[in-house]
Amino acid sequence: MSRVWNFSAGPAALPLEVLQQAQADLLDWNGSGASVMELSHRGKPFMAMAAQAEADLRELLAIPAHYAVLFLQGGATQHFAQIPMNLAAPGDRADYVLTGHWSEKAVSEAGPYVQTRIVASSKEQGYRCLPLVDTAALDPDAAYLHYVANETIHGIEWRQPPPSGHLPLVADMSSNILSAPVDIERHGIVYAGAQKNIGPSGLVVMIIRRDLLAREGRPMANVLRYREQAAADSMLNTPNTWGWYLAGLTFKWILAQGGLAAIEAGNIRKSGLLYQAIDGSGGFYRNPVDPAARSRMNVPFTLHDPALDALFLEQSAAAGLMALKGHKAVGGMRASIYNAVPLAAVEALVAFMAEFARRYG
Ligand SMILES: Cc1ncc(COP(=O)(O)O)c(C=O)c1O
């Protein structure tokens, strides 16, 4: 067996121990004689596993009791639309912060369901920094304020949530959830597609303040209504049982690493090493993001001569470094270094980059 160092932006690397546990469980989970994928979500073993996964997530993020935790489907993109459906009545307005590709997408998907307004944006700066959010500029009657905690493509991350005045703050944490402690109580909703720091795609984890479940929103099917999903313990219909199970294994893995403080320390070390290699390359590699806003999860960088891009990708792949091609919106390279990407992977990348720069600089 040979596994590569995987820098994919998502679906992304999962912890080796989680994959090994899943492999060991695949044919006979918990002595049931069947895979977890083959068992009813209504059965006791699955219900117990599901409840434990929620309890572990609550412990990791110190989620207070007045927040519900939902395990949903549809990907973060569907919730770009479903959040305004649930939180905003027809005719309502909502405020958005623009920091890159995913916040633009959140605005466009919300468009049919709420009157969106951009209250802060770094678009004019090419999404290379975080904008200032002035609470005096917020719409006092907005249904909520939405931001993207980590822009997966532009490599920009909020260290602290933006101020939201009295508005419920809604955070898309798809690409940085569980990478560091978060003040849940600053938020009305935290949600994340699972396929970066949690598990496989097809699962969305949502942490929602219970008072928001009382909002009537707009007329919609029960299956789309967060209140109904919360009342049914996210089992209004058949949930993504495999995703939920893998998420549970990842939560246990993070607890075993020492929780989010330990995970954050590892992420600071890994990202620090990579940014140092870029900044110290004498201009051979460049990252354009304001250092205060640099993501610890997604590190885009360009080569001083784009004609070398194809060679860099070819040689890095041959060296066992996978998925370094940058998103077409920003070009160049991108190394996604989520929780499950070990320090050794970043060390291997940095060593490769130094050698490549020596050869072609
Ligand atoms: C920050 C962020 N938000 C939303 C999405 C969209 O997620 P999905 O494809 O699960 O809908 C992504 C996907 O990469 C993302 O990185």
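Even glycines carry a Cβ here, placed using N, Cα and C.
TrEMBL: automatically predicted annotations, no manual curation.
Positions annotated as L-glutamate binding site by TrEMBL: Arg42. For Ala76, Thr77, Trp102, Thr152, Asp172, Gln195, Asn237, Thr238, the entry in TrEMBL reads pyridoxal 5'-phosphate binding site. Annotation comment: TrEMBL describes 4-349 as domain 'Aminotransferase class V'. TrEMBL lists Lys196 with the feature N6-(pyridoxal phosphate)lysine.
Features as recorded by TrEMBL, highlighted on the structure.
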| residue | record | Cβ within 10 Å |
| --- | --- | --- |
| Arg42 | L-glutamate binding site | 9 |
| Ala76 | pyridoxal 5'-phosphate binding site | 23 |
| Thr77 | pyridoxal 5'-phosphate binding site | 16 |
| Trp102 | pyridoxal 5'-phosphate binding site | 22 |
| Thr152 | pyridoxal 5'-phosphate binding site | 26 |
| Asp172 | pyridoxal 5'-phosphate binding site | 28 |
| Gln195 | pyridoxal 5'-phosphate binding site | 24 |
| Lys196 | N6-(pyridoxal phosphate)lysine | 30 |
| Asn237 | pyridoxal 5'-phosphate binding site | 11 |
| Thr238 | pyridoxal 5'-phosphate binding site | 10 |
Taking residues Ala76, Thr77, Trp102, Thr152, Asp172, Gln195, Asn237, Thr238, which bind pyridoxal 5'-phosphate in the record, the widest Cα spacing (Å, whole number): 30
Integer average pLDDT (0 to 100) for the domain 'Aminotransferase class V' (4-349): 98
Annotated binding-site residues Arg42, Ala76, Thr77, Trp102, Asn237, Thr238, filtered by Cβ under 6 Å to ligand 1: Ala76, Thr77, Trp102
Candidates Arg42, Trp102, Thr152 (binding-site residues) - the one closest to Lys196 (N6-(pyridoxal phosphate)lysine) by CA: Thr152
